[in-house]
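**Q** A single structure is presented below for examination.
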Amino acid sequence: MRKIIFVTGGQRSGKSAFAQNLAESLSAHRIYLATARHWDEDFDKRIRLHQEARRSGWETLEEEKYLSRNDLSGKVVLLDCITLWLTNIYHDNEYKMQPTLSEAKEEWNKFIEQDFTLIVVSNEIGMGLHPIDESTRHFADIHGWINQHVASSADEVYLTVSGIPVKIK
């Protein structure tokens, strides 16, 4: 039976740690679906920190955009994170709003047709600073809409604030 748990919050709010602990409580063998693209040395360091935080029992799959091409039926999957996945789609669509939104929704809908337990991490970037330029404002808008789309398909939703997860759905 499919179950989707959405975990959102600000940068360094503790959302990934909460999601990882949740996945570990559900199964001895979990899939970590990583969406990060290797942009630069600093980003590679952030990726390594996430890798080091994972204990044994994790299998890592890297998928920058096409989540649905992985057959994850019957598995416990931690998708970390929507923000980076959406960044990749936005970049590849040359920072255009409508193609990004359409592609992301279509791919998400295909992905969640699977029968799995999915824990999804995303940033709540709309609660941060007001974006300074048009492209960043567009991304913040797209991200907010995609978070709403993901949350609407989720069975449970948590907002993580200062390391404390609060169940909101």
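All positions are counted from 1 along the displayed chain.
Glycine is treated like the rest: Cβ placed from N, Cα and C.
Keep in mind that TrEMBL annotations are predicted by a computer and have not been checked by a curator.
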**Q** For the GTP site, TrEMBL lists G9, G10, Q11, R12, S13, G14, K15, S16, A34, T35, A36, E62; sort out which one of D71, D80, D92 goes with them.
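**A** So the GTP site in TrEMBL includes G9, G10, Q11, R12, S13, G14, K15, S16, A34, T35, A36, E62 plus, from the candidates D71, D80, D92, D80.
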**Q** Could you tally the C-beta atoms, other than its own, that fall within 10 angstroms of the C-beta of Q11 (GTP binding site)?
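**A** Its Cβ shell of radius 10 Å holds 10 other Cβ atoms.
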**Q** Once the chains shown are all counted, how many other Cβ atoms turn up within 10 Å of the Cβ of G9 (GTP binding site)?
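**A** The answer is 25.
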**Q** Near K15 (GTP binding site), which residues of its chain come within a Cβ-Cβ distance under 8 Å, counting only those 6 or more away in sequence?
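**A** K15 (GTP binding site) has long-range Cβ partners V7, T8, G9, V121, S122, N123, Y158, T160, P165.
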